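Student: Dumping the structure here so I can ask a few things about it.
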Amino acid sequence: MTALNELTLAEARDGLKAKDFSAREIAQAHLDAIERAKALNAYIVATPDRALKMADVSDEKIAKGEARPLEGLPLGIKDLFATQGVHTTAGSKILEGFEPHYESNVSSQLWRDGAVMLGKLNLDEFAMGSSNETSAYGKTISPWRRQGSDTPLVPGGSSGGSAAAVAAHLCLGATATDTGGSIRQPAAFTGTVGIKPTYGRCSRWGIIAYASSLDQAGPIARTVQDCAILLGSMAGHDPRDTTSVDVPVPDFEAAITRGVKGLTIGIPKEYRVEGMPAEIQRLWDQGADWLREAGATVREISLPHTQYALPAYYIVAPAEASSNLARYDGVRYGLRVPGRDIAGMYENTRAAGFGREVKRRIMIGTYVLSAGYYDAYYVRAQKIRTLIKRDFEAAYASGIDAILTPATPSAAFGIGEMASADPVEMYLNDVFTVTVNMAGLPGISVPAGLDAQGLPLGLQLIGRPFDEETLFAAAQTIENAAGRISLPKAWWA
């Protein structure tokens, strides 16, 4: 029999409904797995007491025939989502000891639908990173290893804890956020599925902000179906978030059976970047063949402003971050380091509380927003953003239903391998993903194969605004063709 923590979310849902096992049993199985996997450092804090109490409530609901959509399903929550009464850190020392008096909209909707909270998942500090190495609470280690090697690998970032926990069977699914690829890149690195919905599909209320015009919540899970189930509960209009869009939430799970017959898939020629590994190119070609064999038409398209996306993103995102992070000053909550006066306290608190990468991005953002450089950098970057959005609009207007690209330019790299590199080398991990955020579009990463060293590689599908259903249909087609990627033996247990 499959261990309870190794079931897919859909299998666990069906098993709970059939009363094959209890919500308490599956919660305990995950808590035991979390305890055995401390070497991965996927969780900043586990919440076993809360998990078992929530599971007991779920068992009562199931016994009464009142099961809700996610009844009894154990989930992990990225520690960027405010959770009432539970330590919420954003992976930063500056929020040490912070326990919110409120719940994020996304997590409250998951609890409304009966999900069980296992704990808070590790992440790059304030979601700024692509490797989960910038967390003040230690690096998260990927459960994957290269064949014949003990070198610890990064799980990707910023949602590295979410991706690692899902891949290592430490939760059935997890919440995550994506500002420039922070759901899709770690999903690709860990052989999991991650969807960044359309901007405005999920409420940002109660999510600690990085770049407000780019941030979007979404799920990471082990299958396309599981992601569809979770997004159905996470999505929805929230009047407390002015960027939340009031559109109906479709049945995402039903969309996975649609298939791709009659769809037109675009292959952007600008994504064939210099130095792309041959195995990434082969996988991309294979993905196009799978979709073609399933009945889709595949044709080349042009997104001419792609080359400017990464530099524009790394102007817009730090600019918004420098504004958003100005609120952390040690006055109301979190870390406080005394100074000679109030200004000294601000300086000391921020100097001690923020990590190196966060400070770098605050400084970049402050610089590009300064009087002498605002027009030269920030205004130009916003103009590029508009041109990127128009490129996608033109592609979809020409009859394209979805766009297929690689999810990442490589497989996962080793912990510390980028430590001495130019920061721009790390930023290049987002080369295939940032355009989606700049244009506010939905994008999904689905596992499609392994590299020569046995590490997972993902393909990305990009859709029209608020057409996640087509992405789920196409992603399911790729998952069916590629087969489920199995995690290697648990070396950490």
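One is the number of the first residue shown, and numbering goes on along the chain from there.
Even glycines carry a Cβ here, placed using N, Cα and C.
According to Swiss-Prot:
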| type | residues | note |
| --- | --- | --- |
| ACT_SITE | K78 | active site, charge relay system |
| ACT_SITE | S158 | active site, charge relay system |
| ACT_SITE | S182 | active site, acyl-ester intermediate |
Student: Using C-alpha atoms only, work out the spacing between S158 (active site, charge relay system) and the residue listed as 'active site, acyl-ester intermediate' and round it to an integer in Å.
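Tutor: The residue listed as 'active site, acyl-ester intermediate' has its Cα 5 Å from the Cα of S158 (active site, charge relay system).
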Student: Can you give me the Cα-Cα distance between K78 (active site, charge relay system) and S182 (active site, acyl-ester intermediate) in Å, rounded to a whole number?
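Tutor: Counting only the Cα atoms, the answer is 11 Å.
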Student: Could you check the active-site residues S158, S182 and say which one's CB has the fewest neighbouring CB atoms inside 10 Å?
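Tutor: Across S158, S182, these active-site residues, the one with fewest Cβ atoms within 10 Å is S158.
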Student: For S158 (active site, charge relay system), what is the secondary structure by DSSP, using just helix, strand and coil?
Tutor: coil
Student: In which DSSP state, out of helix, strand and coil, do we find the residue listed as 'active site, acyl-ester intermediate'?
Tutor: coil
Student: Relative to the Cβ position of K78 (active site, charge relay system), how many further Cβ atoms are located within 10 Å?
Tutor: 33
Student: According to DSSP, does K78 (active site, charge relay system) sit in a helix, a strand, or coil?
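Tutor: The residue in question, K78 (active site, charge relay system), is strand (DSSP, three-state).
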